[in-house]
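Now, the feature entries from Swiss-Prot:
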ACT_SITE  E104  active site
BINDING   D8, D103  Mg(2+) binding site
DOMAIN    4-185  domain 'UmuC'
SITE      Y13  site 'Substrate discrimination'
Amino acid sequence: MQKIIHVDMDCFYAAVEMRDFPELRGKPIAVGGRSDRRGVISTCNYEARQFGVRSAMASGYALKLCPDLILVPGRMQVYKEVSNQIRAVFERYTDLIEPLSLDEAYLDVTESSHCKGSATLMAEAIRAEILAETGLTASAGIAPVKFLAKIASDLNKPNGQYVIRPEMIEEFVKTLPLIKIPGVGKVTAKKLADLGLHTCSDIQAYPEPKLVERFGKFGSVLIERSKGIDKRAILPNRERKSVGVETTLAKDIHTLEQCRAVMPQLIQELGARVSRSAKDRAINKQVVKLKFEDFKQTTIEHRSDEISVNLFYQLLEQAMERQHERGIRLLGVSVGLASNSIASEQADVDSSQMDLGF
């Protein structure tokens, strides 16, 4: 049985800014974006979230929701330095560390002898050391598998932790909303809802062949996750090369106008995914993908250092030149990510949740 800890810093970029500039504390702030440009917010503090401000939101819209919102320019080098401090804390407990971004990581502590082998106590100690050494709070989730540890880290935020023990998994996943499963965004969640699928128990009762037929490989993943299964191991120094979103259409479409109508939701979801899992990474290209009725596919890409909506539409037009009157069954957008230096730089707990066995 694995013991996985998912550590997620609380409002990381915003928290660093409030630590370094105390006059910002207690005020709604957001990092990134500018009021005079179509910028996008990287993250915001809890005061801003009370007004509905969220990551990946256009800064102009965020200011409409919260007129007193303070927009703070990002300081990526500072965030990387703090991230290295946090990484050093992780390394005291395990070498099996899978960074997801500057502010979150998976830790496999299965073989660690710290804290009498208790992942629960190790998570508590890690959070305490991060607070003492950086002045920042972290939340943590503890579970036997990765995706449940990630979900658990969000259940007692901020500055808390939650444990899903092996014997809790079956009951926990029954009522788990599918939108909570990593990889299920708004687009996929709507498709599932259209089939009457809202929770993991709904997936468990749904015919597996139909789910795989509708969602392909991800259908198989959903079946496993609905049962609390996640066979993925921790990948030390993992570095993803791209982030993408695609949708398999209910019916084939044939015109550029029909494709353009699908794009806004895909681009919005892509922006949200980049903000969640790759906000510290530089973008190096944009890609549009089409899969036709004969299951052949084509991709068009172009170099870009930021997400440009106009460029996505230009790439779509170029891809459509390869249609040759075939129906289109899938449409996708993605961005390539430049190599990161994170890996190379190296640079209150509920007592009822404590269990020395886990």
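Keep in mind that glycine also has a Cβ here, set from the backbone N, Cα and C atoms.
Since the structure is predicted, the reported quantities are computational estimates derived from the model, not experimental observations.
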Nearest-integer angstrom distance between the alpha carbons (Cα) of D103 (Mg(2+) binding site) and Y13 (site 'Substrate discrimination'): 8
Mean predicted confidence [pLDDT] for the domain 'UmuC' (4-185): 93
Per DSSP, three-state class assigned to D8 (Mg(2+) binding site): strand
Rounded to the nearest Å - Cα separation of the residue listed as 'active site' and Y13 (site 'Substrate discrimination'): 12
DSSP three-state assignment (helix, strand or coil) for D103 (Mg(2+) binding site): coil
Surrounding CB atoms that lie within 10 Å of the CB of D8 (Mg(2+) binding site), all protein chains: 20
D103, E104 as recorded positions, winner by CB count within 10 A: D103
Cβ-Cβ neighbours of Y13 (site 'Substrate discrimination') (radius 10 Å): 29
